[in-house]
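Please read the structure below before turning to the comments.
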Amino acid sequence: MKSSATVVLLVAAVTAAMVMSSSASGDAVMIDEHNNIMTSVEGKRGIGSSVVANGGNRKMANVLLSGWENKCAGHGESCLGIGISGCCKGYYCSWPSGSICLCVPKGDPCGAMHTCCDGLSCTGFFSGDCV
């Protein structure tokens, strides 16, 4: 009984920390309806929700990740929290140096993880230059 309460508190603490860090950037909404805590991040990121439900003597915690909105982060937009695959085609996430989506301009080195800007191509798969 103590361990399930500890798990619920741990999940609630992690969720609260995620919501606070997300709220600081102004892109999240937290809704508390009768102790059911839901977090929603709109726009270019997915929607996550955490629900703490009271089921008799036990509390059950479910962390759900809803479907992605099929949107991506474009040039100069933050990719923090959405990972390298969250940038639009033709862009890569500069994580951890700046955590924004970028593309490689003409004449600069490129490769599989550093894609050229629209209209340009890389002379090599792993290593080359944008032309």
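First residue shown is number 1, and so on along the chain.
Note that Cβ sites are derived from N, Cα and C of the backbone, with glycine treated the same way.
According to Swiss-Prot, the disulfide bond annotation covers Cys72-Cys88 (among others), on the basis of a curator's inference. When secondary structure is read from DSSP and collapsed to three states, Cys88 (disulfide bond) falls in the coil class.
The feature disulfide bond is assigned by Swiss-Prot to Cys79-Cys93 (among others). Within 10 Å of the Cβ of Cys79 (disulfide bond) there are 24 other Cβ atoms, across all protein chains.
Residues within less than 8 Å, Cβ to Cβ, of Cys87 (disulfide bond) and separated from it by at least 6 positions along the same chain comprise Cys72, Ala73, Gly74, Cys79, Cys93, Cys101. Residues or ranges marked as disulfide bond in Swiss-Prot (evidence: a curator's inference): Cys87-Cys101 (among others).
According to DSSP, Cys103 (disulfide bond) is assigned to coil rather than to any helix or strand. Around Cys103 (disulfide bond), the C-beta neighbours below 8 angstroms that are at least 6 residues distant in the chain are His75, Gly90, Tyr91, Tyr92, Thr115, Cys116, Cys117, Asp118. What Swiss-Prot records for Cys103-Cys117 (among others) is disulfide bond, and it gives a curator's inference as the kind of evidence.
Here Swiss-Prot flags Cys110-Cys122 (among others) as disulfide bond. Around the Cβ of Cys110 (disulfide bond), the number of neighbouring Cβ atoms within 10 Å comes to 27.
Counting every protein chain shown, the Cβ of Cys116 (disulfide bond) has 22 other Cβ atoms within 10 Å. Secondary structure at Cys116 (disulfide bond), as computed by DSSP, is strand. Marked as disulfide bond by Swiss-Prot on the basis of a curator's inference: Cys116-Cys130 (among others).
Swiss-Prot lists 1-24 with the feature signal peptide, giving sequence analysis as the kind of evidence.
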10 Å Cβ neighbour count around Cys93 (disulfide bond)?
22
Would you count the other CB atoms within 10 A of the CB of Cys88 (disulfide bond), including those on all shown protein chains?
15
When you tally the Cβ atoms that lie within 10 Å of each candidate's Cβ, which of the disulfide-bonded residues (Cys101, Cys122) has the highest tally?
Cys101
Work through the disulfide-bonded residues one by one (Cys72, Cys117, Cys130) and point out the residue whose CB has the fewest other CB atoms within 10 angstroms.
Cys117
